[in-house]
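Copied over from TrEMBL:
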{"type": "COMPBIAS", "residues": "94-110", "note": "compositional bias 'Basic and acidic residues'"}
{"type": "DISULFID", "residues": "CYS66-CYS93", "note": "disulfide bond"}
{"type": "DISULFID", "residues": "CYS141-CYS168", "note": "disulfide bond"}
{"type": "DISULFID", "residues": "CYS201-CYS228", "note": "disulfide bond"}
{"type": "DISULFID", "residues": "CYS256-CYS265", "note": "disulfide bond"}
{"type": "DISULFID", "residues": "CYS299-CYS326", "note": "disulfide bond"}
{"type": "DISULFID", "residues": "CYS357-CYS366", "note": "disulfide bond"}
{"type": "DISULFID", "residues": "CYS396-CYS405", "note": "disulfide bond"}
{"type": "DISULFID", "residues": "CYS435-CYS444", "note": "disulfide bond"}
{"type": "DISULFID", "residues": "CYS456-CYS473", "note": "disulfide bond"}
{"type": "DISULFID", "residues": "CYS475-CYS484", "note": "disulfide bond"}
{"type": "DISULFID", "residues": "CYS513-CYS522", "note": "disulfide bond"}
{"type": "DISULFID", "residues": "CYS551-CYS560", "note": "disulfide bond"}
{"type": "REGION", "residues": "92-130", "note": "region 'Disordered'"}
Amino acid sequence: MVHFNKDMRCLAVRCVVGYTLLALGLGVSIRSAETDEHCPPISAPASGRMVGKDADKMYGMVFFECKDGYKLIGTPVRVCQIDRTWTGSQPICKPDRDAKPAGIKKKNEPKTCQPSLKDPEHGKVNGPRAPTAGAKAEFSCGDGFELDGQDVIECGENGKWKDAFPTCKPVECRKLRPPDAGDIEYDADPIGINAKAKYLCDPGFKLVGPGVRTCERDGSWSGNSPNCEAIDYCASKPCGNGGSCLKQEQGFICTCNEGFRGDKCEERIQCNEAPSPVNGFKLESGAGNFVGNMVTFGCNKGFNLKGSEKRTCQSTGEWDGIAATCSKEDFCGVMPCENGGKCVNSQETPVGYTCTCLAGFEGDRCQTKTSVCASKPCKNQGECVEIGEQDFKCTCPRDYGGTLCEIQLLPCDHHPCLNGGSCINTQTGGFVCKCPDDLRGERCETRYNPCMSFPCLHDGKCLVGNYPEGFICECPTGFQGVHCDYNVDFCKANPCQNGGICKSGFDSFQCICRPGYGGEICSTVIDHCAAGACLNGGMCQNGEDSFLCSCKPGFHGQRCENGFTCPDEYGTFPDPADCSRYFHCSTQVAYHKNCPAGLHFSPKLLTCDWPNEAGCE
């Protein structure tokens, strides 16, 4: 709250409850706020005028003046606050008994430019304390900031500045040009002071120069621009052992000489150790089993060599030729076994071989005929049945099989599972059938209908078919899932607009709208002014859940329903319904006014005074 003395030279500033004084001057601290909210419109007092650019925006100012012959009663300056209300109360212009008659001024009296000069945030202004027509004001910004607007403005003949006051904005650096075959990454947007620009090169290129540059306080970049140069991957001669290097876009390829391999030809190719044959020996031509080295094989006395006598290590890491073996003299070559007997060389027998006779023959050379079943060739109580003179057949018990009934059969060997079922033997001597999806039973003998177990919940319809589960469920409205076991979330798509809250129901959803909105999905803006809310020509302004009436002079009330008749052409009169308000009459027109916060209108003094002095009676 601001109080001026009679000659308007001194003022006392006091904040209302809940606020602290933050600056001198007008007692108003102006802080930046990112909002486009506006305060309600206000008008100039009768017999006066108001000055202010963008005054109705947040922290905008208006200055009030009176015509010649009148003096200002009330606050000369009002500021649009963050809560969209104006500081102070609306001033009025009253006739000044001490003023000169209208139209009489000092000769050549200049007008002081409005609004008053004020340092911009983060800057300074240089100019006369009481600037008049032709005076100039020069603006500058502090370190790290630059002007947004004219740096010099001039006061016009009409007492107003020719240009708007400039502001100081943070310095920003321009984006740099990326190097050829490279790019730049920035760590801030916008690019302010101390922001970093990081240079990157494409694959196959390397950075030459500084990798990071900094945005300086004057808006320039530190250092010089680097370049991206192509990398010569073969310059360091990476291929060893005489290998040839071939450059690639993102590396190199080595072509190795014979006998070497690896990404850099670093590995000398070696064959695995060639073993000496049993009952034989091996001779090597050089140290190690490297490519080109040769080994020679031989056999001990009494044994013959089979395979390759000489083998060479190849570039593939394998030996050429055939592995060498040493075998004793072949006594079976003369086929000593008769009647189809099988001959096997053996050093354990005096004759150097053994004969394995067919059924029905015996002897060292299978030369003696016998009954094929005489030796009881069938095992496990199998029955021997002769077939001709030299052959027989074994009839085996149930749990055995094989030519001689020598194999004990498992349960699955009898193929007990039907209709393509898979049989699995168990450790207890039994079996288990793994059936196809549409079959059941111990041996997969019964067809299976998956819908018989009623898998679809909430009255879902079950359909059998070639599906992963053997069926699918057609779910009723409001349910989903393989078994119709999940409720559908109708609010998942956020159908409610304008901040409405969605509530999902059984088969639909409901939107709970914010004040000021309606409709099924809160898409309709409610017009509280549509029904002619304001009376007697009042202007209606919509709110979130109500409306506000701006009444024409002579009317007041929430809907401008109350009128007031001026008893006199001019004067100030109490509001009989509200002691914090009063009527100001000018030319028989009543203007409804508010007392400053914390004051009441005194019917005796006809002005706003403290409550304990004015009262409400």
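Each residue, glycine too, has its Cβ placed from N, Cα and C.
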**Asked** Closest to CYS256 (disulfide bond): which of the disulfide-bonded residues CYS66, CYS93, CYS141, CYS435, going by Cα position?
**Response** CYS435
**Item:** Same chain, 6+ residues apart, C-beta under 8 Å of the C-beta of CYS326 (disulfide bond), given in sequence order
**Value:** PRO277, VAL278, ASN279, GLY280, CYS299, ASN300, PHE303, ASN304, LEU305, LYS306
**Asked** What is the nearest of the disulfide-bonded residues CYS228, CYS551, CYS560 to CYS473 (disulfide bond), using the Cα of each?
**Response** CYS228
**Request:** Would you count the other CB atoms within 10 A of the CB of CYS299 (disulfide bond), including those on all shown protein chains?
**Result:** 20
**Message:** Rank aside, I only need the closest one: which of the disulfide-bonded residues CYS66, CYS93, CYS522 has its C-alpha nearest to that of CYS201 (disulfide bond)?
**Reply:** CYS522
**Message:** Looking at the disulfide-bonded residues listed here (CYS141, CYS357, CYS444), whose Cα lies nearest to that of CYS522 (disulfide bond)?
**Reply:** CYS141
**Request:** Take the Cβ of CYS228 (disulfide bond) and count every other Cβ within 10 Å, whichever protein chain it belongs to.
**Result:** 21
**Residues near CYS357 (disulfide bond) in space but at least six apart in sequence (CB under 8 A)** = CYS337, ASN339, GLY341, GLY363, CYS366
**10 Å Cα neighbourhood of CYS456 (disulfide bond): matching disulfide-bonded residues from CYS405, CYS435, CYS444, CYS475, CYS484** = CYS475, CYS484
**Message:** Counting only residues 6+ away in sequence within the same chain, which have a CB under 8 Å from the CB of CYS405 (disulfide bond)?
**Reply:** CYS378, LYS379, ASN380, GLN381, GLY382, CYS394, CYS396, PRO397
